[in-house]
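Asks: Here it is, the structure in full.
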Amino acid sequence: MGYVALLGRPNVGKSALFNRITQTHRAIVEDVPGVTRDRLYEETEWDGRSFTLVDTGGIWFGDEDTILGMTRRQAEMALQEADVLVLVVDAREGPTAADQAVAELLRRSGKPVVLAANKAETAALEAAARAEFGRLGLGDPVPVSALHGRAVDELLDRVVAALPAPSPEETEETALIRVALAGRPNVGKSSLVNALSGQERTLVTPIPGTTRDVVDIRVQTPEGAFLLLDTAGLRRPSRVEPGLEAKTVARSLDAIRRADVVLLVVDLTQGVSAQDQRIASQVVQAGAATVVVANKADLIKGTTLPAVGALRDRLDYLDWAPVIATSALTGWHLDQLWPAVAQAYQAYSRRVPTHLLNQVVQEAVHLNPPPVQRGKALKVFYAVQAAARPPRLLLFVNQPALAQPAYTRYLERRVRERFGFEGTPIRIEYRERRRRTDERTG
């Protein structure tokens, strides 16, 4: 497992960033220098890679016998043991001589360095950070806000990309694709779990989960290795009893959030209920790839096409998810599920080269320009894919407020058609393109 050290001068927000990334409150955060003195370690995970994050005290070049001097030695020890170094700087203050000194120390280590410009809570601070911190000679900074969580995902993408290749043992664990079954009670979910865990398997082993009520089952199929997360049925909120059932529901929802792919199980004989729609909305919010399983198809007389069509109509906001009519009881079409899961996961993990993405977006804009609102129209300058799992696209525009939901859906459809994003949600966000400083002052 790799080690990632947060380094920098005092009071730039390293501990706040540590807490944000690890989702803990282990590091004490105060707006005074020197609060963190010893190294803090916490295992965490991003994008399927596990690593240990190390929080350090501020690096201060002063008296070796002072507390700050000893704190610096602790930070330097973290530097020596880490695989990736994250230099944290303060976007509000801009580059300082101390930042330059720390940057030089990290550069001499020869290790990968990711530059995080913390406290970039506004677009203006973000733009300034990108322009000013490049002079440290560590590449493009990632403007982040530990306070609000802004762009922490982009920072972690860079960190994970810089980590060394995982060991064979780590690869075996992280290569597992996490698949959660979600659905209301009595839709045949348990039968489906039993059928899937026994379908052409070479190895099935129970793995103790982080929660008592979600059972993790390792399944090996020709399509790959999967971790099947069996969750409790989700009843509508008014029927959930306080206490144990409420905790069970919370753990089931947590399993959905942890999943790479969700199998949304619906009883095809009953159609899509209001509770099915609520669960589907929670799955969409979780951002997982999704395959809709229309179970109990063996009980449908004649063709299943009308029932599947009605299901699609009721789940129209999941029109990007494949629907597979199956029968856990008879095994009908179960052989289609694992290939569908693997395909959805591939789409979920897909990254599109920037030049190809811009070709498709600009072509879409040319064929169907954004509508004019009060004499103004959205202008799309360029697009980048900021993240995967799920794919997140950033469109740099003149005024984000001019982006209409209908036009966003249109762009999403064009991107899906071109790059085959079936089975995964796509997040499209708009950012205002700021003029460069020399353009503003020239």
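Each residue, glycine too, has its Cβ placed from N, Cα and C.
Just lifted these from TrEMBL, have a look:
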- 8-15, 55-59, 118-121: GTP 1 binding site (BINDING)
- 183-190, 230-234, 295-298: GTP 2 binding site (BINDING)
- 2-167: domain 'EngA-type G' (DOMAIN)
- 177-349: domain 'EngA-type G' (DOMAIN)
Asks: For THR231 (GTP 2 binding site), which of the binding-site residues GLY8, LYS14, ILE59, ALA120 has the nearest Cα in space?
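Replies: The smallest Cα gap between THR231 (GTP 2 binding site) and any of the binding-site residues is with LYS14.
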Asks: Could you round the CA separation between ALA120 (GTP 1 binding site) and GLY183 (GTP 2 binding site) to a whole angstrom and send it over?
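Replies: Per the Cα atoms, ALA120 (GTP 1 binding site) and GLY183 (GTP 2 binding site) stand 40 Å apart.
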Asks: Look up LEU234 (GTP 2 binding site) in the DSSP assignment and reduce it to helix, strand or coil.
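Replies: DSSP call for LEU234 (GTP 2 binding site): coil, neither helix nor strand.
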Asks: Counting other Cβ atoms within 10 Å, pick out the least crowded of the binding-site residues THR56, ASN186, THR231.
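Replies: Counting other Cβ atoms within 10 Å of each of the binding-site residues THR56, ASN186, THR231 gives the minimum at ASN186.
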Asks: So among the binding-site residues LYS14, LYS189, who's got the most Cβ atoms within 10 Å?
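Replies: Buried the deepest by this measure is LYS14.
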Asks: Which of the binding-site residues GLY8, ASN11, LYS14, THR56, ILE59 has its Cα nearest to the Cα of GLY183 (GTP 2 binding site)?
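Replies: The answer is LYS14.
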Asks: Just give me the nearest neighbour of LYS14 (GTP 1 binding site) among the binding-site residues ASN186, LYS189, LEU234, ALA297, Cα to Cα.
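Replies: Of the binding-site residues ASN186, LYS189, LEU234, ALA297, LEU234 has its Cα closest to that of LYS14 (GTP 1 binding site).
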Asks: Tell me the coarse DSSP state (helix, strand, coil) of ALA297 (GTP 2 binding site).
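Replies: The residue in question, ALA297 (GTP 2 binding site), is helix (DSSP, three-state).
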